[in-house]
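Reading through the structure tokens given below for one structure.
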Amino acid sequence: MGTPGGGRRWMTLISITLLMVVGLGLYWDELSLSAGISPATSPRRAEGLLLGRLPLPMEPSILSPLEHLIEPPLQYKLMTIRHIPPVMPGTGMPHPYVGDCIQCHLMVGGPAAGSQFKTPYGAVLENLSRVRKLGPPILPTTRQPHPPAGRCIKCHDIVVKVPVEKKSGIKWLL
């Protein structure tokens, strides 16, 4: 059998440990505030306080390998846009930002279609594209390899990447 009072020692040790844990829990907020870490501190700033420097904006964080394991990268599919609707100024964006709206869209109440600057050569290309689009499909960020010919959509189909899973919360209106 055990020694007399052995059960009391364990109970006393457990009680003291429990009191220390509760005390540390109550004092934890004071410890973190004195270190400069508040509940509103971003993970990037907390990491900087702990490691002594702020990571660069594009530098992976300490937890990024774990984040990549938990959440796989987004899968994209290509979508061809053959018609771009006019938009009202001041309305929300129906897709992620690609550039100035007027690069692709006509504004309701703005300049009319065909009022964009174009060279005579560009005007001929635009007129020929009314029957069948002459240009190859392009990305929205493609640089113009020819003289100005009005809006790109008149001669080219625009190819965009659309996420397969709509986790991002962006409502795609295409």
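Residue numbers in this text run from 1 along the chain shown.
Here the Cβ of each residue, glycine as well, is placed from N, Cα and C on the backbone.
According to Swiss-Prot, the feature heme 1 binding site maps to CYS101, CYS104, HIS105. A coil conformation is recorded for CYS104 (heme 1 binding site) in the three-state DSSP classification, outside any helix or strand. Sequence-distant contacts of CYS104 (heme 1 binding site), defined by Cβ-Cβ distance under 8 angstroms and a gap of at least six in the same chain, are ILE84, VAL98, PRO140, ARG151, CYS152, ILE153, ILE158.
For CYS155 (heme 2 binding site), other Cβ atoms within 10 Å of its Cβ number 21. Per Swiss-Prot, the feature heme 2 binding site maps to CYS152, CYS155, HIS156.
Here Swiss-Prot flags 87-107 as motif 'MCR (magnetochrome) 1', drawing on a curator's inference.
Mean model confidence of the motif 'MCR 2' (138-158) amounts to 80 (pLDDT, 0 to 100 scale). According to Swiss-Prot, the motif 'MCR 2' annotation covers 138-158, on the basis of a curator's inference.
For 1-9, the entry in Swiss-Prot reads topological domain 'Cytoplasmic', with the evidence type a curator's inference.
Sequence annotations record features per position, and here Swiss-Prot assigns topological domain 'Lumenal' to 29-174 based on a curator's inference.
As annotated by Swiss-Prot, transmembrane segment applies to 10-28.
Sequence-distant contacts (6 or more apart, same chain, Cβ under 8 Å) of HIS105 (heme 1 binding site) comprise ILE84, PRO85, PRO86, VAL87.
Listed in sequence order, the residues SER129, LYS133, GLY135, ILE138, ALA149, ARG151, ILE153, LYS154, ASP157, ILE158 complete the 8 Å Cβ shell around the heme 2 site centroid, once CYS152, CYS155, HIS156 themselves are left out.
Same-chain residues that are not part of CYS101, CYS104, HIS105 yet have a Cβ within 8 Å of the Cβ center of the heme 1 site turn out to be ILE84, VAL87, ASP100, ILE102, GLN103, LEU106, MET107.
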